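Per TrEMBL, region 'Disordered' is recorded for 1-78. Look at TrEMBL and you will find 67-78 tagged as compositional bias 'Basic and acidic residues'. Under the heading repeat 'WD', TrEMBL lists 145-186, 198-239, 240-281, 282-323, 323-363.
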Amino acid sequence: MSSSFFIKGKENPKLGKKGKNTAVTKRKGDGDPAGKGKVRAKKPNKYNEEISSESETESPAVPKKRQSNEEHVYEETPQEKKLRLAKLYLEQLKDEEEKRAEEDSFETDLIAGRLQEEVLEQKGKLQRLIAKDLIPPDASEIRVLRGHKLPITCLVIAPDDKCIFSAAKDCSIIKWDVESGKKLHTIPGGRKGTEDRHVGHTAHILCMAISSDGKYLATGDMNKLIMIWEAATCKHLYKFTGHKGPVSGLSFRKGTHDLYSASHDRSVKVWNVDENAYVETLFGHQDAITGLDSLSRERCVTAGGRDRTVRVWKIAEESQLVFHGHEGSIDCIQLINEEHMITGADDGSVSLWSVNKKKPLSTVKLAHGCHGDAGLEQPHWVASVAALQNSDTVASGASGCSHNSQVNVWKCGQNYRGLEPLFSVPVSGFVNSLKFSSSGQFLVAGVGQEHRLGRWWRLKEAKNGIYVIPLKRKPSNPEEAKVTE
């Protein structure tokens, strides 16, 4: 049987006066190896002392050594704490090293991926599969910006996608804010005969280009002039002269301030904008050049109008490649990547090309349908084309003989060997210019009552304006990038 009793002990200096009397329980079997016979406090407390059942009434305090051993049950010693913290610190260091190694590996992979992408881009083998995720926008989501008095002929989007520059037959240039749709700056056009005193254009502006760093804006007009502007402030910088016909195409070489220009005088000229200098002139087309484009290679591509040729100009080699395919006047051209391009013609066809093939890889005839009475149908002219760079998405715009003209968005097949219609956006008028934003978030169309190159007919019901068309995606967006073989 067990019994309970109180022991009056000496005052413990650790406990003070409250530690004089301590309640303990005596159990049978004291000294058991299992420790069952220990005398324990009713309420565990690190300040309670354990007393042997054999101890006398006036039992001395527990030796310090034993007390230390017993306290290990409840709290660690300073040495153990140091050891535990040291181990924890070493584990943290190890985790940080592993994490840093993973991040370094990720960054290395990222850099390698970027370099590989750049190499593939240079080779023209990078094709981002974006078209499969695009869906038609609602009519209410399309914004129309109005400010030009006459038909809009050309436009460009700033590299950061924040601004749009547009020009028209009223000789004016307007800088727009994409987000708000407001005019940021207007360069008014001048009247014919005021060239000497007017800063700006005094004839129809036919083309424009912006450098890849957004520093320079170039515009070309019917008066054979090229104007260079500071894009940020719209301040006039230089005037280039030398063409003997209207300037119909402009493009900055990507990553540089080299400017290529094309003209109805059938020539291509090269300029250095930084130096305000003319470089050289290239000849080859047999008719007025109607369009020009370039990317980062030291070359440009041109559409030759009624000579029905597309040409690739290798500037450094001083050579050119000639391509045939359309049956009508080739009025517009755009590079998709360094190896592929898209063109449109007044026979209503849209073609995809490779710089390695003399004939189109794919052609869609009557891409925008026909107009006219039965038996006398005529195709809608393709007045503009655009390409989302290094992707499988392109667009074309038709001339409007009625209110039912439209912008068509197309999906390019694998290796650009096919064109599949995705959706159409109805507009009223001539779609004289098309441009995709760098991010691929929207498409901009410059629309007018007349064709940019002439006045064959006029649509009074059409509105001169800029259509900002959002490129909506499906909710789920799988991996976008794929490299073509």
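Cβ from N, Cα, C; glycine included.
Caution: TrEMBL annotation is automatic and unverified by curators.
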The repeat 'WD' (198-239): DSSP-derived helix, strand, coil residue counts: 0 helix, 22 strand, 20 coil
Contact set, same chain, for the repeat 'WD' (240-281): CB under 8 Å, 6 or more residues outside the stretch: 206-212, 215-216, 218-228, 287-298, 300, 302-303, 313, 315, 453
Mean of pLDDT values spanning the repeat 'WD' (198-239): 95
Counts of helix, strand and coil residues, the repeat 'WD' (145-186), according to DSSP: 0 helix, 22 strand, 20 coil
Tally of DSSP helical, extended and coil residues in the repeat 'WD' (240-281): 0 helix, 24 strand, 18 coil
